Every structure is written in structure tokens, then in C-alpha cells.
Amino acid sequence: MPDQVLDDISHRRYNPLIGSWLLVSPHRTKRPWQGQQEAPSKIKLPEHDPKCYLCPGNTRAQGDSNPEYENTFAFVNDYSAVKEEQQDYNPEVNKDDVASLLLQAQPVTGRCYVLTFSAKHDLTLADMSAQEILPVIQTWTRIYASHLSPSHPLNAEAAQALERIPPNPHGEVEPPKRQLRYMQIFENKGAAMGCSNPHPHCQVWTTSTLPEEPGKELVEMTKYHGAHGRHLLEDYVKLEMEKGERIVWQNDAFLVVCPWWAVWPFEVLIIAKRHIRAIVDFTDEERLQFAEAIQEVTRRYDNLFATSFPYSSGIHQAPLDCTEDEAETSWFHMHFYPPLLRSATVRKFLVGYELLAEPQRDITPEQAAAKLRDCGGELYRKSLE
């Protein structure tokens, strides 16, 4: 195909989701590496750690005791990044005052949750089956639904989801005191990504403001929809399915690709094939298919370098408080950003040119997708047991 030359030449690629460019330098994969190497992850963890703040029955840092839960357990983070109650701050902006123009700040309130994936301390999503991941998705759905604004365009879908998903006594959270704007569900896996506890868990931050990354995506998706009358990710899914070279895996509901514009070496995007605005739009079957997609990504990651693969992942979907247009232009997807580059010990760093100019990658997304396609099958460590 004509684009095959891009495997050998340096070039820039455009990211339509956030309106930015990155530099791709495929020839740099041949350079020798004498820099920092990460220690290989050690998998030998106990099923229950009496010192772990997240294991069932244990006492957390602030003195609260965890229930004897079986799968998911949600609670307000003992060290939340944002709080619901704080001192008011409403500065006046004076266009004639340079300080008020250049030194701007705005208050942010909200609530942060921690959500465990399993009661077992020694598991990761890669070790869990789709059926075992399903309660996590169900809990995400119930938490998202309980935080929607009274006028949200998806309230009817949220009510149906709450009826179909049985409540989990340890996965329910109280609605916030004030309406919040956005919910960011994310996981940091592994010490290389700053994870402070190996117990399988994610975080759910809800804030009164729309964060930068999903905000930029919403702007670009809205512009695209206005200009073309179609959804950006709808067209992108069709394009990737036609070309096939960046597809890692797919089922009836979700496409897993190394996106054209990927910055991280083995960056992956899980995209809904139909127009799903938020997690409450899922059918029962789609919830299980989403669990399958997550399981496929995380298992292939671990198989790639025969290690517990570190990454940061997160879901982007319609805001908690939004207009009809914002809900309509939203398209459910999940990002995976893993740092490993050549092996279990060599990682990519965003430094130098990437901090001062623009992001840069070596291995192409097409090459990364081919490697991940070859990493299906049983999780590598099961044969070591």
C-alpha cells in the first residue's frame, strides 16, 4: 500500500481527537539503549495481605474498616484530590488588571472514590475472566448513573440501567451534595505508573469542572459533527475496520486499535462500534463484551513481554452535567497508555523534545498492533503455575 513508506521515514501524524500532532521516527528503534531500565515486576503476591489497606476486613490508613466484600468495593478516597466542602473563592476578573488576566485560578470541588476490582490481592484485570470483570463495569455504571444531573439527556437510559443491574451492597456510593460536571474513571497499574498499592483497583474522580483532556476531545468531536453531520469516532471505526492494519482485536460491540496518532509505544483505544454516549447506554450483552475487550487488552499486554504490564487507562464519555448537543457528540471510548517500549525493563520517557516541542514515538502503531495481535492465547504466567 502507498503508506508503507511511513514504516521507514520520519513523519508527523495528526490526532483529530484533540487537534494535535506528533512526530514518528521508526528508524530510531535500532538505536542502542544504555539508559534507565525498570525492574521486572514481581507477581508473587499473597491472596490476602493483612497490611493492605484495600483487602477485605482490613483497616485503612484513616482507621475505617473494610467490609468482607467479594468483588467490588467502593468508598470515598481517604486522601481525595478534591473535596466537596471548602472555602469559597470567586475572584473578579478585571480586563485592565494584568495580574487578574495572567494569574487566573478557579475553585474545583468534587468527590474521589476508590473501587476495588476483586477481593483477591494477587490478581490484575489480566488474570480475571470477562465474567469476573463484569461486576466492575456494573459498578461503574451504577456510580455514573447516580451522579447524573436531573436534566441530563441520558436519565431515562440511566434509570433502565439501574433497574437491570442489581445493587452491590459494597459498591454503592451516596450521590454528591452538589451537581458535578464530569466523572473520570481511571486505573494506574504498576509501580512504574505511580500506583501505591498492588491490590487490583481503580479510581473515580468527579469534579465540578470539565478536565482538559476530555474537554479537548469534546470540542473536536463537536466541531467534526457540525462540519460533517457524522461522528468523528464513528468514521474512525469504519476507516480502521476497512484498513485492518491497526486492529488488535474486536467483537460485535467494540474495536480495539493502536490508534493512528498513538504517542505511547503500545497505546490502545477501545472504541464502541455503535453510538454509545456513556456507559449507561450499554445493553447487558455490551457490558459483557466491554469486559471481554478489557480482558483481551490487559492479557495481551502481559503476554507481550511476559510481565505484569504497567499502564494508565481511563474512560471518556458524556459529562455528568451536559447539554443535549454535548451528549449527542460524545462517543464512548477507553484509553490505555503503557510506558514499556522494548522489553519488560525498558520504558519510554516523555522528555526533551517531547516536553518542549511535540510528542514523538519510535515503533509505529501498525508495528505495535501486529505485535499485540500475536500475543493472544492463555495468559503467560498460567503455564508457570
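Here the Cβ of each residue, glycine as well, is placed from N, Cα and C on the backbone.
Lifted from TrEMBL, the feature list:
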type     : residues                       : note
ACT_SITE : His201                         : active site, tele-UMP-histidine intermediate
BINDING  : Cys52, Cys55, His121, His199   : Zn(2+) binding site
BINDING  : Glu217, His316, His333, His335 : Fe cation binding site
DOMAIN   : 7-211                          : domain 'Galactose-1-phosphate uridyl transferase N-terminal'
DOMAIN   : 220-374                        : domain 'Galactose-1-phosphate uridyl transferase C-terminal'
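Annotated features, which come from TrEMBL, shown on the structure.
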residue	record	Cβ neighbours (10 Å)
Cys52	Zn(2+) binding site	17
Cys55	Zn(2+) binding site	21
His121	Zn(2+) binding site	21
His199	Zn(2+) binding site	23
His201	active site, tele-UMP-histidine intermediate	21
Glu217	Fe cation binding site	23
His316	Fe cation binding site	23
His333	Fe cation binding site	22
His335	Fe cation binding site	21
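Nearest Cα neighbour of Cys52 (Zn(2+) binding site) among the listed recorded positions (His201, Glu217, His316, His333, His335): His201. Nearest by CA distance to His121 (Zn(2+) binding site), out of the recorded positions His201, His316, His333, His335, is His201. Measuring Cα to Cα from His335 (Fe cation binding site), none of the recorded positions Cys55, His199, His201 fall within 10 Å. Across the domain 'Galactose-1-phosphate uridyl transferase C-terminal' (220-374), mean pLDDT in this model comes to 95. Between the C-alpha atoms of His316 (Fe cation binding site) and the residue listed as 'active site, tele-UMP-histidine intermediate', the distance comes to 18 Å. Each of Leu17, Glu213, Pro214, Leu269, Gly314, Ile315, Gln317, Met334 belongs to the same chain as Glu217, His316, His333, His335, is absent from that list, and has a C-beta within 8 angstroms of the C-beta centroid marking the Fe cation site.
Report note: the Zn(2+) site is defined by Cys52, Cys55, His121, His199, and the residues of the same chain whose CB lies within 8 Å of the CB centroid of those residues, excluding them, are His48, Asp49, Tyr53, Leu54, Asn58, Asn197, Pro198. Each residue contributes its Cα atom, and for His333 (Fe cation binding site) and His199 (Zn(2+) binding site) these two points are 25 Å apart.
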